[in-house]
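Trainee: Annotation source TrEMBL lists transmembrane segment at 50-69, 89-108, 117-136, 148-167, 179-199, 205-225, 265-288, 308-328, 340-356, 395-421, 427-449. Marked as domain 'Major facilitator superfamily (MFS) profile' by TrEMBL: 51-453.
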């Protein structure tokens, strides 16, 4: 495990610290290294807290809309006469769309601002969710319309997390990014709980259409409130001119990417490989744990193993964000803090995953799964934030690359896990696979990950500070 080192208060490779050193009237002095706009507009702490709550709610609604179809799939299949294969085609189409807009969403967010992309996408996927029942009833082939609708939902929601990464890197100081990303990330677990409880109740009382109507309209309402009260009614217009220039000239943005690619390959590959492994194991657990409990403990109550792990994951995610930000604010090395968080996420969680391989009671199995899911959330303060440390000028696009790789690998690992279960007849093979993938990603991150900014030449900036 990485050893945390403590530095003096003056140590910082991030340009946020340089903003405090430079007097405002010397920014444009001859020979000065130009300051980047994203560091001149950091949110104050009260504003950051408001945005954290708003983005938490937005991520919660994102998952409510995303999980609406899986909850209603059985009822829809009965009404429209879908087979298992057709239901799987509808559900799986989301992930294929989800893979294609990650990089694009991050790139656009880096150019025009993540808040604009979040607002427009939320209005779009919220409307798509609300119109889903109408598309199902008025189309002569519901299987085709629903497959297309889920694919479009994936396209629209694929920009969400890259936009969050871009917005956080532009507006939040380094010592507070862990808390924001961990808090917002917990919205996925909260949304899964909310739609699982309230959605199931609406499904029984008012039919499957109500689940789509409510989750979709609430998402559109969230987008409207964000536009009205946080963006003060400013039009979230994205033009071709803004994409070409944005807040940073296009030439400089290309220079950032070239400088990032010229770094030792292990710097960028480490975060991509680690995120790939993290996403793969999370998707696998998310997809197969309910089946594991049904096969191993047939008489167990479904609400117990479907609810308790997510109740544990929410406070765990919040705790990891507070812990990482506290350590960094106390002067501990940022890279070491990121590695520590990832050690808990992939290393310690693997211990509890392996414990599921043996013969356990239902109570202990729920406890092990809850510990695994809770510790997995520490990645929000590890590799998920590390990309913002490395390249805040293009964090959205780089996170999009990571998330695309993670989504593809996650789908493949879910399929391969199903093959292992059928071939071996044992769940131990799946849990051993998850542990192996986790340890591979962890070793890569511990060995090669860094937190120094690599999209600019920091040596020139430090040299300039000496002369100032």
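Heads up, the Cβ atoms here are built off N, Cα and C, so glycines get one too.
Source: prediction; values computed, not measured.
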Trainee: Please check if the transmembrane segment (205-225) comes into contact with the transmembrane segment (395-421), where contact means 3 or more CB pairs closer than 8 Å and the residues in each pair are separated by 6 or more positions.
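Mentor: As far as Cβ distances go (cut-off 8 Å, pairs 6 or more apart), the transmembrane segment (205-225) and the transmembrane segment (395-421) do not touch.
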Trainee: Can at least 3 Cβ pairs under 8 A be found between the transmembrane segment (117-136) and the transmembrane segment (50-69), with each pair 6 or more apart in sequence?
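Mentor: Judged by the Cβ rule, the two regions touch, with the required three close pairs present.
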Trainee: Using a Cβ cut-off of under 8 Å, list the residues of the same chain at least 6 residues beyond the transmembrane segment (340-356) that approach it.
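Mentor: 1-2, 4, 178, 274, 277-278, 281, 292, 320, 323-324, 327, 364-365, 368-369, 371-372, 375-379, 381-383, 427, 431-432, 434-435, 438-439, 441-442, 445-446, 449.
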Trainee: Against the transmembrane segment (148-167), which of these stretches has the most C-beta pairs under 8 Å: 50-69, 179-199, 265-288, 427-449?
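Mentor: It is 50-69 that shares the most Cβ pairs under 8 Å with the transmembrane segment (148-167).
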Trainee: Look over the recorded stretches 89-108, 179-199, 265-288, 308-328 and say which has the most C-beta pairs under 8 A to the transmembrane segment (50-69).
Mentor: 179-199
Trainee: Let me spell it out: take the transmembrane segment (308-328), skip the flanking residues so only those 6+ beyond its ends count, and list any with a Cβ under 8 Å from a Cβ in it.
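Mentor: For the transmembrane segment (308-328), the list is 4, 174-183, 185-186, 189-190, 192-193, 289, 334, 337-338, 340-341, 344, 366, 369-378, 380-382, 385.
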Trainee: Can you work out which residues elsewhere in the same chain, 6+ from the ends of the transmembrane segment (265-288), have a Cβ less than 8 Å from its Cβ atoms?
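Mentor: Cβ under 8 Å, 6 or more out: 342, 345-346, 369, 372-373, 376, 379, 382-384, 386-387, 390, 398, 401-403, 405-407, 409-414, 417-418, 421, 430, 433-434, 437-438, 440-442, 444-445, 447-450, 454.
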Trainee: Most CB pairs under 8 Å with the transmembrane segment (89-108): which of 179-199, 395-421, 427-449?
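Mentor: Against the transmembrane segment (89-108), the leading stretch is 395-421.
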Trainee: Between 0 and 100, where does the mean pLDDT of the domain 'Major facilitator superfamily (MFS) profile' (51-453) sit?
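Mentor: Here the predicted model's pLDDT, averaged over the domain 'Major facilitator superfamily (MFS) profile' (51-453), is 87.
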Trainee: List, by number or range, the same-chain residues at least 6 past the transmembrane segment (427-449) whose CB is under 8 A from its CB atoms?
Mentor: 1-2, 266-267, 269-271, 273-278, 280-281, 284-285, 288, 292, 295-296, 335, 338-339, 342-343, 346-347, 349-350, 353-354, 356-357, 382-383, 386, 413, 416-417, 420-421
